[in-house]
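K.L.:
Could you have a look at this structure, given as structure tokens, before my questions?
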Amino acid sequence: MTYFEAFFLALLQGFTEFLPISSSAHLILPSEVLGWSDQGLAFDVAVHVGTLAAVVMYFRKEVVTLLSAWTFSIVKKEHNKESKLAWLIILSTIPAAVCGLMFKDFIEVYLRSAWVIAITTIVFGLLLWWVDKNSTLVKDEYEMTWKKALFLGIAQAAAMIPGTSRSGITITAALYLGFTREAAARFSFLMSIPIITLAGSYLGLKLALSDAIIHFGFLGTGIIVSFISAYICIHFFLKLISSMGMTPFVIYRLLLGTSLLAWLALT
């Protein structure tokens with residue numbers, strides 16, 4: 001890996017982690033299309049740390065409120081809408097955590113390919129477009145129920161398939177349930193905090209138990225660049241969807257998917 005590759009991949013991770021266009025697809029493509037070597041376990045941990053820090057920093061007020069309410073619901077048995085939402089975020093994390101433990105190796109071996117990415121990019125892009133155009137979008141995140149949270153959790157688990165997009169499929173599921181675009185995005189981003197924490201911790205444990213060589217310059221680049229780009233991305237995404245909806249991201253997914261299919265057919 002070079003510093004240019006580290007910068008480019010971290011920028012890619014930061015800009016795509018929270019957009020409905022699949023960060024995993026964009027990180028796989030450089031190795032598939034450009035022939036770049038795998039970025040390595042340590043770099044994966046670094047960009048997870050950067051994007052996690054970005055979403056926590058952006059939603060710091062909400063995170064503090066939810067954590068406080070959740071703590072009081074346990075210690076003092078005080079329950080309110082914030083503690084309920086915190087518990088529902090935890091519930092929504094369970095399906096992805098379980099599926100990650102059960103199917104991660106299978107997905108890495110059989111589904112991590114450019115063909116799968118091309119197809120899922122197109123299919124789930126069209127699904128996002130259809131749901132965005134045909135659903136009644138009136139609910140906010142505090143109208144979440146345990147059944148809806150579990151449904152979103154199952155959607156998040158399906159995002160393990162490369163090209164699906166974690167934010168894309170969870171936002172699609174939330175729109176289908178009638179949540180506004182802004183509420184769907186906010187809940188999707190809040191859902192990402194525990195799952196990115198779990199994924200980063202798992203990768204960190206693997207790194208600690210491995211003999212991998214750690215290049216702290218690349219790690220620092222990964223953390224800083226992914227943090228800045230993810231923070232900017234979250235800010236502008238939340239402003240953009242209120243006026244333009246999901247159409248720009250659907251168009252991008254269709255262009256990416258069809259271009260990738262064409263490239264695969266010609267090589």
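Each residue, glycine too, has its Cβ placed from N, Cα and C.
Given the structure is predicted, the values throughout are model-derived calculations rather than measurements.
These came from Swiss-Prot, pasted as-is:
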| type | residues | note |
| --- | --- | --- |
| TRANSMEM | 1-21 | transmembrane segment |
| TRANSMEM | 39-59 | transmembrane segment |
| TRANSMEM | 87-107 | transmembrane segment |
| TRANSMEM | 111-131 | transmembrane segment |
| TRANSMEM | 149-169 | transmembrane segment |
| TRANSMEM | 189-209 | transmembrane segment |
| TRANSMEM | 218-238 | transmembrane segment |
| TRANSMEM | 246-266 | transmembrane segment |
K.L.:
Counting only residues 6 or more past its boundaries, what in the same chain has a CB within less than 8 Å of a CB in the transmembrane segment (189-209)?
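P.N.:
Same-chain contacts beyond the flanks: 17-18, 41-42, 44-45, 48-49, 51-52, 55-56, 58-59, 62-63, 66, 89-90, 92-93, 96-97, 100, 141, 152-153, 156, 166-167, 170, 234.
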K.L.:
What stretch, picked from 1-21, 39-59, 218-238, has the most CB pairs under 8 A with the transmembrane segment (246-266)?
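P.N.:
Answer, by Cβ pair count: 1-21.
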